[in-house]
Structure formats: C-alpha cells, structure tokens
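The feature disulfide bond is assigned by Swiss-Prot to CYS120-CYS184, CYS224-CYS279. Sequence annotations record features per position, and here Swiss-Prot assigns N-linked glycosylation site to ASN38, ASN75, ASN146 based on sequence analysis. Sequence annotations record features per position, and here Swiss-Prot assigns signal peptide to 1-18 based on sequence analysis. Annotation comment: Swiss-Prot describes 301-321 as transmembrane segment.
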Amino acid sequence: MLFLQLPLLLVLLPGGDSEEGFQEPISFQIIWISSFYNRSWEEEVCSAWLGELQTHRREGKSDIVIYRQPWSKGNFSREDLMESEHILRMFFVRFVQAFFNHASQWKLEYPFDVQIAGGCDLYHGETSVGFVRIAYQGSDFASFQNNSWLPSPKGGTRAQLVCKLFNLYQGTLEIIHKLLSDTCPRFVLGLLDAGKADLQRQVRPEAWLSSGPNPSPGHLMLVCHVSGFYPKPIWVMWMRDEQEQPGTQQGDILPNADGTWYLRVTLDVAAGEASGLSCRVKHSSLGGQDIILYWEQHSSVGWILLAVIVPLVLLTGLAFWHRKHWKHCDPSSALHRLE
C-alpha cells in the first residue's frame, strides 16, 4: 500500500506529465562529510537533498537540524522525526569512533576525509531502491548491498578490513536495512505530498541573444541566454531551420538567488554564416510553445538602437556646446562684468 500514491505524486512533479518525466527516479539522500585532522580532532557537516533541492542541514556536531523548506518535515510526526534523527545520529557517532579506534590498523594517514551518501530512489514502477555509499579521500570505498557492506575494488585491503568489521554488527545491519527499505521511502512520499505546491511550480524562462568575444578573426561568438526558469530541466539549442547545430556549447545550469536557474549556450560560427541561425528553448513551463530567437532580428535591433543612440548623443553634445558658447557671448553677461 505504501506506493499506491506514488504515480499521482510523480505526475505532480515537474516533468511528470510526460513519458520522459517517468524515466528518472526521485532521489533522496543524506550526505555526511567528516574531516579527520588528528587522533582527537574531527569536523563534520551533514545535509539532506531531494533531487538537487536541499531539505535539511546540520552544522558541526550540533543536534539541531535546520529545516530548509517549510515542508521539510514531510508528514512524519514529531516522535517519528526524533526517532529517525536519533538513529542517524548514533550511527554517525559510532562510525566516527570506529575510524578513530582503527586508524592505525587500517593505515589511515591524518588528515583524511570520509564521505557517506545514503538514501533511496523512488521509481514510477512502484519500487524503491535504497543505497549507502562510502568514499575515502573522494574515491569509492564501500557500499551497502543485500544487507551487508561490500568493499569497492578501489578501496583495496583497507576497504576489506573496514567492511569485515562493519559486517560483524548484525543489529546495525538490520537497522540500516529498515531505514533504506521502509523509513526512507515513507519519508520521501511525505515530502512529495507536503511540498507538491513548490515542487510542481512552473516559472517561464526569459531568453535573449548577445555576441561574445570573437573567438578568431572572421568568426562570431553567438550567445543565447536563458534565465529565470523552474524547474531545472531545460533544452536549449542553436538551430538552422530545423537542424541542430553540432557546434552548440552548453554551460553549466547555474542557480539564481530566487531559486530559479540560468543557462548560457554559445555557438562559434564564421561571420558570413550567422544569417539564418536561431536559438530554440524548450521548457515544461512553455506548454509546448518553444521560444525561438533569430540572430538576424538581434542584429537588426542592435543596428536600430545604434542608429537612434548615436544621433541623440551628437545632438546632446551639440546643444551643450551651443549653450556654453552662447553663455560666453551673451551681451548681458559682459555688461554685468563691466559694472
């Protein structure tokens, strides 16, 4: 019965009303990073994410969890939240203690970093897949699979020793299994339900064209800017008629301060080949009505603005010169000076 509401919630999410929207799972994960400086000094930071949206954060070793969204508690009761937070806190405390106690045996050299990512992926096919992955110094180290810890090939003998120790604690293995298979999917469903108003928000993008620094003599850098859109998935391409231009370069999708996104897409072309090119934008907020901006129109607007601005500047300068010249030649001014 747990996943009976999942298809409906998926439809409510951005992109969920299309076949493409169902291909990607909904991922929730807790990311814990610990930096071990010496035998007694360790710092840590912990955060939780629904996709790329941060929902929770805990700074240092404080027991205070910061809820980053109004709906970050999902539909869990206060008791459920306290119990889950207590279990996770105890797990991380024992995890840190194990690395301190066995640093010499595992040949760990201070300083070093350990990262844990754990959570679950929810799929449209009414399934949930839990995961826990450990990284040491940024490299794959171990993972939790089939109710036990498995070393990564990159972890070598050190990872084998760690997994051998962790697998001795059957009670802890059972708790992890329950968190991944039951607690996590229930909590995610609560988040999706409580936050559906925000998660299904649609904000239309704004797009404009500009020219960047010329990459080489005789070439132009065409730039298509798209900003203010939500959700994040978007398709932007330089086109000639209906043909995608293979030289299109897409930058990173960057966050705006208001929670929307910005993207910059460029195309390097010979100056004589810019005619007929356009930038096309597809986004779920557009309802199938793509934004199409033509480079010729951008160039025409630029020339029109130039044709208007230059005469205005010249007229303003001429008026200023006449005013200054008239002031110096004004007979009344000369009479005042004689008096």
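Even glycines carry a Cβ here, placed using N, Cα and C.
What you see is a predicted model, and the numbers here were worked out from it, not measured in a lab.
Positions of the features from Swiss-Prot, shown on the structure.
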residue: ASN38; record: N-linked glycosylation site; DSSP (3 states): coil
residue: ASN75; record: N-linked glycosylation site; DSSP (3 states): coil
residue: CYS120; record: disulfide bond; DSSP (3 states): strand
residue: ASN146; record: N-linked glycosylation site; DSSP (3 states): coil
residue: CYS184; record: disulfide bond; DSSP (3 states): helix
residue: CYS224; record: disulfide bond; DSSP (3 states): strand
residue: CYS279; record: disulfide bond; DSSP (3 states): strand
Spatial separation of CYS224 (disulfide bond) from ASN146 (N-linked glycosylation site) - C-alpha basis, Å = 48
Out of the glycosylation sites ASN38, ASN75, ASN146, the residue with the smallest number of other Cβ atoms within 10 Å is ASN146
Comparing the Cα of CYS279 (disulfide bond) with the Cα atoms of the recorded positions ASN75, CYS120, CYS184, the shortest distance belongs to CYS120
Between the recorded positions ASN38, ASN75, CYS224, which lies closest to CYS120 (disulfide bond), Cα to Cα?
-> ASN75
So how many other Cβ atoms are close to CYS224 (disulfide bond), meaning within 10 Å of its Cβ?
-> 27
Cα proximity to ASN75 (N-linked glycosylation site), best match among recorded positions ASN38, CYS184, CYS224 | CYS184
If you measure CYS224 (disulfide bond) to ASN38 (N-linked glycosylation site) at Cα, how many Å is it?
-> 50
Other CB atoms within 10 A, centred on CYS279 (disulfide bond) | 26
Count the Cβ atoms, other than its own, that fall within 10 Å of the Cβ of CYS184 (disulfide bond), considering every protein chain shown.
-> 23
Where ASN38 (N-linked glycosylation site) and CYS184 (disulfide bond) are concerned, what is their Cα separation in Å, rounded?
-> 34
